[in-house]
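S.K.: My structure is below; once you've seen it, I'll send some questions.
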Amino acid sequence: MKTIVSGIQSTNSLTLGNYLGALKNFINLQNDNKMFIFIADMHSITVDFNPKELESNRKSVASIYAACGLDFDKNIIFYQSSVLAHTQLSYIITCHSYMGELSRMTQFKDKSQKTNANGTTNIPTGLFIYPCLMAADILLYDADLVPVGKDQKQHMELARDIAIRMNKKYKTNLFKIPEIYQSEMGAKIMDLVDPSIKMSKSNANTKGTIFLLDKVEDVRKKIMQAKTDSLNKVKYDVENQPGVSNLMTIYSCLTNKKTDEIEKEFENKNYGEFKTKVADAVCLLLEDIQKKYQIYFNSNEIEQKLEKNAKKCNEIVNKKINLVQQTLGLGTYKG
């Protein structure tokens, strides 16, 4: 049995990319592994946010987790902010990281450029040290595997580097070195309008993003209007047919069909027929998720389970934070 750790930010609404890149992985892994899955609300305050929206989004994300099939009794699912050891270890890790390596993080460069697009906005320090909190999220639990999308791979590699660095400095196996878990398909779903960029809740043009709580008729419209090409041939070729390849990835993830099977299925068929099948598969999934979501969001069941899991989690991580503090000469944590 492996220990697996991962989480998703509680900003805006989760997307089909979040589901296929992360949530579906969690569901597949939860039966045979020990899983710590958190709603990353502390990561959500690294950029400008509205407190009332954040509070609502936290519960929304938790309800979507449950609606998608994550078991709150089998897994330890919790709010990141409910376990203070995350931020405590994050500070310690920040003290063992370097300005240069944090400056090289691609996500920091991209997000800081967007934040300061007009040249007058200050860049939050939290955005710069985001990878340190992510490293703490992982190393705190001695994770064996961490399911991440391709865009988080660099942060994951940094977490490994810092763990190795601290183990070497203190001449002890303070942290387990985690491995990346990345599924072959679905780790990165692209935008429907611009398949050169990742499908994201923060993209300016929402026509390219499918949100899990979108109306199904809107979802179908987005898929039918998705960018393809003039070849009118369903073929997996990311370089020459990025739009079609992206739709094939989505269809593959939802039907468990390989790309060559999909190519054969739609041989001599036009893009309209192909898009209709993709839309059918996506809408079937979303109808089921949304029905269950309403039940969970409008009850107190999830909040009660999150509170119970946070207590369980704190008991586990306090042992780890004590070990870290003692190793650094900081004494025993009394929290």
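Note: Cβ is positioned from N, Cα and C throughout, glycine not excepted.
Pulled these features from Swiss-Prot for this protein:
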| type | residues | note |
| --- | --- | --- |
| BINDING | Gln9, Ser10, Thr11, Gly17, Asn18, Gly149, Lys150, Asp151, Ile189, Lys198, Met199, Ser200, Lys201, Ser202 | ATP binding site |
| MOTIF | 10-18 | motif ''HIGH' region' |
| BINDING | Asp137 | L-tryptophan binding site |
| MOTIF | 198-202 | motif ''KMSKS' region' |
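Let's see these features in context: how buried, what's close, how far.
M.R.: A coil conformation is recorded for Lys201 (ATP binding site) in the three-state DSSP classification, outside any helix or strand.
Classification of Asp137 (L-tryptophan binding site) by DSSP places it within a helix.
Per-residue pLDDT, averaged across the motif ''KMSKS' region' (198-202), gives 87.
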S.K.: Does DSSP put Gln9 (ATP binding site) in a helix, in a strand, or in coil?
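M.R.: DSSP call for Gln9 (ATP binding site): strand.
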S.K.: Suppose we draw a 10 Å sphere around the Cβ of Met199 (ATP binding site). How many other Cβ atoms does it contain, all chains included?
M.R.: 25
S.K.: What whole-number Å value do you get for the CA-CA distance of Lys150 (ATP binding site) and Asp137 (L-tryptophan binding site)?
M.R.: 18
S.K.: Roughly how many angstrom lie between the C-alpha atoms of Asn18 (ATP binding site) and Asp137 (L-tryptophan binding site)?
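M.R.: Asp137 (L-tryptophan binding site) has its Cα 18 Å from the Cα of Asn18 (ATP binding site).
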